[in-house]
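Peer 1: Got a structure here, written out as structure tokens. Questions coming.
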There are 2 protein chains.
Amino acid sequence: MGILLLFNGGFMLIPSIYSWIIGELVALDIAVSALISISAGLSAMFFTRKHDKDISPKEGYLIVSLGWLFMVLSGMLPYVISGEISGVENSFFETMSGYTTTGASIVNDIEALPQGIMLWRSLTHWIGGMGIIVLAVAILPFLGIGGMQLFSAESPGPSADKVKPKIADTAKRLWFIYFGYTLSETILLKVAGMNWFDATNHALSTLSTGGFSTKNASLAYWNDSPVIQYIIILFMFLAGTNFVVSYYAFKGRINKVLHNEEFKWYFFFIAGFTAITSLSIYFMSDPSIASIDYPMVLGKAESAVRHGLFQVLAVITTTGFVTADYTLWTPLITLLFFGLFFLGGSAGSTSGGVKVVRHVIMIKNGFQEFRRILHPNAVLPVRYKGSSVDQKIVYNILGFFILYALSFIIGAVVFAGTGLDFESALGASASSLGNVGPAFGTLSPVDNYASLTVFGKYWSSFLMLIGRLELFTVLILFTPYFWKNT
Amino acid sequence: MGILLLFNGGFMLIPSIYSWIIGELVALDIAVSALISISAGLSAMFFTRKHDKDISPKEGYLIVSLGWLFMVLSGMLPYVISGEISGVENSFFETMSGYTTTGASIVNDIEALPQGIMLWRSLTHWIGGMGIIVLAVAILPFLGIGGMQLFSAESPGPSADKVKPKIADTAKRLWFIYFGYTLSETILLKVAGMNWFDATNHALSTLSTGGFSTKNASLAYWNDSPVIQYIIILFMFLAGTNFVVSYYAFKGRINKVLHNEEFKWYFFFIAGFTAITSLSIYFMSDPSIASIDYPMVLGKAESAVRHGLFQVLAVITTTGFVTADYTLWTPLITLLFFGLFFLGGSAGSTSGGVKVVRHVIMIKNGFQEFRRILHPNAVLPVRYKGSSVDQKIVYNILGFFILYALSFIIGAVVFAGTGLDFESALGASASSLGNVGPAFGTLSPVDNYASLTVFGKYWSSFLMLIGRLELFTVLILFTPYFWKNT
Ligand SMILES: [K+]
Ligand SMILES: [K+]
């Protein structure tokens, strides 16, 4: 735990130094925050140094959940100390939204923030993304949550050893890819016309599927620059892909990439939903009603395809960047996107939501269920990647989905209790839980979360956290079974 | 199949004779419809008379689904021939809504209909309710759908013989109770001040959890008569209870009633949600904004409790009667009710939706899932009524719920494609699928379904049908597995 804070404080020095270089006053505030985090981290390490290294699964849940919470408490210091975000609940919300890579914001005028604070904001995304990669490859499979054991190691069974001689080693390789992608995107965005600062921040936000932008209009600011938007599209796609797939691609094992079942479905889902969305925009939508500036640089068809693809990817990968207000396109798109909030990207990526692989297993199980009814005595397992999936894992996944659905509806009822209307309450719940960011109604892509009540902000933060940690990790702490000595 | 039409034609003679007695011109139209149905039924029986009596499950699905469809085609004749409902899609919709006990209507001015047509409308509910009781006790368990084998016979295992010496016998006993309740409610409503016609129609609509009324304002017409509303409340409660429980109660086996697990949960759900709703109305709602007349005959507290209880029951039992527009109360209630659309009454009742018992199994399984994560090697079955539930049945139920959720979201996206806004599309889908009736937005309790497009009406009818027949019965016909010769 201590090491997390140390590490967090270390990262905080980056925006502090940057601020200092460009001569901003907040440099000192961020530096103080960094020092507090580092000292807290060091003392925590000092007091726990005699603790033995073996942790049980039970301790695992507690460490992951509390670890994330301490990160937030430390990460909000720059906002609180600098006073750039007023209200503790606002700083807490913005930081939780950062680390969980949700990207929902309570800042009304982002462009008025000092650049050091903006950079720290984007860095919380990027640090969160690193954490998620570790969770996906190492921690969640070990805890056996929601069927994650299925898709953690790319090839389950004996050959898994090839992929991960050691878990720490795997994590490092994937972090290397994560870092490499971020750097590449930064350079490409710069070449395409962004300045270094915007390029860096957007790259940090893209790879983590976070969605914080340095502009109030998000990516719609660059609606006259299709190249920039296509670069973001490419990297959103990569960020929603299992990083292990990227690893294989770099190793030249293209065969493994093309035979990755989740990747195929991920690709076809995006292609299919983009087709529906773009056709719907092209034939039925009136772009002029959007409150976002919407120039059609390369003609109406290109514009429909680009914005359709961009927004479908932004929602499926749960990045939440905005080039247009999809709630104003057509009712069909609004509702389709609401459905997509529950899809999510690939497992082993930084995206949130239910994840493609779980849907694939559920759909396949659904079809098998029909066959089971017709042939009650036949054994009909679900097949995935050519082998049959353990019944227990299918069971885990169904249980996960139902818990997700229940959390969603309770989440929405509570939001409605704080005064949100029907559409906004459902959207806020789905968006928080799925770590997407923008939602519907009063929380549409052109609005932000500042209008929530204080309680509503904490509730949203809670949903972001449980969604990010695959529900069971956090919610198990609220069950009596956890605290029983057995 | 032939016998169904014969039977349907026989029932049609009732409103025909009634119309003739009160001197309405539609008497002849309805009589013609009855004759067509009876002749069609007789010829169908003649041509299939050599068919052997043993039916396979596969034939079972086809017979149930097609049987329902033929009933609708025959049941819509009175509307079509009399011309009282114009447009084939409207007659089809109204009839499907009747037999599936949904109670959604496309008639703008119900009170302008001839009484014979009104009576036939209510009778389609009542006939549908009889069909559902047979489905629940005899057909669905035989087909093994969605865990229905669990709650069909009250006591699974050897002692089941006591309850159902023969399935036909059970069905007859439950029909007797169904008929007895209908008669009692009619008499009580008459005593409380309704005329015989209104009393009969509302009793037919209540016991079938249908929801068609003889008044445009539904039960809000009697908002100045709390006694009438309390009578309806009582019978909605009974209609949402497993009829086998009523059977035990009449046999004096109160112990069996009190130990019925689903009944207990059903009771506590209603009590809990009524408490939330009534408190929310009492403290936060302004009744004067309702477009429905809302006199507080016995004071504000009684009014809040009565309307809260009435609407909670109307939604949970999926009856869909209306005393007030719950979409205008508070955002909390609107969203809570949206959630309740997915609850449903008890299995073995005439109500629609997912059903209480399935939720109980899912919730218990959810808790067990947490324990399974903590103790991966322990065997932790779900317990229901003191014994552990077969893993296969739990699996069925989880699969059912996921298919329900998927049908719901696809249903809503298609509605949005016909132009419905976000709230209306979600409401229409949940309401059609759950056989509730009123929904939200443009289909709120004070509106009706007349504004849907032609396609939207057929789509809604389709959702009503698949919801009523527990999804699998109908949807299995669309799978390739069904048509394979194995
Ligand atoms: K996001
Ligand atoms: K109904």
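Note: Cβ is positioned from N, Cα and C throughout, glycine not excepted.
In case it's useful when we look at the structure, here is the feature table from TrEMBL:
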- B:T101, B:T102, B:G210, B:T318, B:T319, B:N435, B:V436: K(+) binding site (BINDING)
- B:20-48: transmembrane segment (TRANSMEM)
- B:60-81: transmembrane segment (TRANSMEM)
- B:126-153: transmembrane segment (TRANSMEM)
- B:174-197: transmembrane segment (TRANSMEM)
- B:227-250: transmembrane segment (TRANSMEM)
- B:265-285: transmembrane segment (TRANSMEM)
- B:328-348: transmembrane segment (TRANSMEM)
- B:393-416: transmembrane segment (TRANSMEM)
- B:458-483: transmembrane segment (TRANSMEM)
Peer 1: With a cut-off of 8 Å between Cβ atoms, can you find at least three pairs linking the transmembrane segment (B:227-250) to the transmembrane segment (B:328-348)? Only pairs 6 or more residues apart in sequence count.
Peer 2: yes
Peer 1: Sort out the residues at least 6 away from either end of the transmembrane segment (B:174-197), same chain, that have Cβ-Cβ distances under 8 Å to it, and list them.
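Peer 2: Apart from its flanks, the transmembrane segment (B:174-197) reaches 115, 118-119, 126, 129-130, 133, 137, 203-204, 206-207, 214, 222, 225, 227-228, 231-232, 235, 238-239, 243-244, 246-247, 250, 350.
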Peer 1: Given the recorded K(+) site (B:T101, B:T102, B:G210, B:T318, B:T319, B:N435, B:V436), which additional residues of the same chain have their Cβ within 8 Å of the Cβ centre, ordered by sequence?
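Peer 2: Output for this site, in sequence order: B:T100, B:G103, B:S208, B:T209, B:G211, B:G320, B:S351, B:G352, B:G434, B:G437.
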Peer 1: Drop a 10 Å sphere on every Cβ of the binding-site residues B:T101, B:T102, B:T318, B:T319, B:N435 and tell me which sphere holds the fewest other Cβ atoms.
Peer 2: B:N435
Peer 1: If you count Cβ atoms within 10 Å of the Cβ of B:V436 (K(+) binding site), leaving out that atom itself, what do you get?
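Peer 2: The answer is 33.
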Peer 1: Sequence-remote contacts (6 or more beyond its ends) of the transmembrane segment (B:265-285), Cβ cut-off under 8 Å?
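Peer 2: For the transmembrane segment (B:265-285), the nonlocal Cβ contacts are 237, 240-241, 300-301, 304-305, 307-309, 311-313, 316, 328-330, 332-333, 336, 340, 343, 345-346, 356-357, 359-360.
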Peer 1: Sorted by position, what residues of the same chain at least six away from B:G210 (K(+) binding site) have a C-beta under 8 A from it?
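Peer 2: Set apart from B:G210 (K(+) binding site) by at least 6 residues yet with Cβ under 8 Å, we have B:G98, B:T101, B:T102, B:G103, B:S122, B:H125, B:W126, B:G128, B:G129, B:L204, B:T319, B:G320, B:G437.
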